[in-house]
Amino acid sequence: MHPTTIKTYAERAKLHPNPTARRLLEIMERKKSNLAVSVDVTTVKEVLDIVRSVGTKVCCVKTHCDIIQDFTLDFAKELVRLSQQMDFIIFEDRKFADIGNTVTLQYSAGLHRISSWADLTNAHPLPGPGIISGLSSVGQPLGRGLLLLAEMSSKDNLATGQYTTEAVQMARQAGRGFVVGFIAMNRVDIPSPVSKIQKVNGMVNGHGHGNASVNGNGNGYGGDKEMEDYLILTPGVQLSKGGDTLGQQYRTPHQVIFDSGCDVIIVGRGIYAVKGKEAEVAEEYRKAAWEAYERRLRC
Ligand code: 5BU
């Protein structure tokens, strides 16, 4: 059993150093929801209609702001207002993938000014740690959070094996202030052998300091308070297994939360494509994912 999966979301919220991760975990507990809705529609009206109908069921609303044809910062302001009123966080699924200097600008400037309204965003680790440094220079002072794409849900994607392992290492090297977790299909943050040794002996590298850092920056495991805690958000979820015609692969809420130990399911078409019944269907997903979490805790 992974050490993180036996704790409640509330327990994890208390210890988390990042304000966005803390708020997300608190919302999850308060609303009994580990469901994120992905609102992949192309007008402001459609996005807001869906958010208004399912906002009370979800802990997180995920956007793709570059597909919204009439995007304005007023729309973003309204989304932020709804996030406060209906109690969810906003996750812009931007998947940054460039050098540090460019992503800094893509995150803070342009038409979308993502950092001004999105609590959470994500990035490919592909360009190396500079992408985290660039994004954190903008996001960390604002209390934002970043997820690294350690795995993907699409068929035959290249984010596997060593790439996934190195994504997790990159997050650990970056420290705990800004990188709050991963987009992944599994609990990819398996404790490293060094961390296990440290937990048993209370020392690293033979120096005998109980709270010493694994990576030299004070961000390794060092006693329970210092225990790392990554959020795993997982797309590719529907109520039954399957896929679409373009390589998307679906698993069920139970498979994702119970079998794989992930934290949050991300559901797009499973909710917003069921026109007129979005709230009812969202409730089904919320219930299924929450029951899977409660069962996992009882194991
Ligand atoms: P769907 O309609 O539930 O298939 O939408 C899934 C959403 O999650 C969609 O916005 C994708 O861009 C997003 N996604 C994904 O499906 N798979 C991934 O690996 C990543 C993001 Br990363």
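Yeah, the Cβs are placed from backbone N, Cα and C, and that goes for glycine too.
What you see is a predicted model, and the numbers here were worked out from it, not measured in a lab.
Same-site candidate for substrate binding, as annotated by TrEMBL with LYS62, SER153, GLN248, GLY268, ARG269, chosen from ASP40, ASP49, ASP74, ASP229: ASP40. In sequence order, SER38, PRO235, GLY236, ILE266, VAL267 are the same-chain residues whose CB sits within 8 A of the CB centroid of ASP40, LYS62, SER153, GLN248, GLY268, ARG269, the residues recorded for substrate being left out. Reported as a whole number, the C-alpha separation between GLY268 (substrate binding site) and ASP98 (active site, for OMPdecase activity) equals 26 Å. In terms of local Cβ density within 10 Å, SER153 ranks first among the binding-site residues SER153, GLN248.
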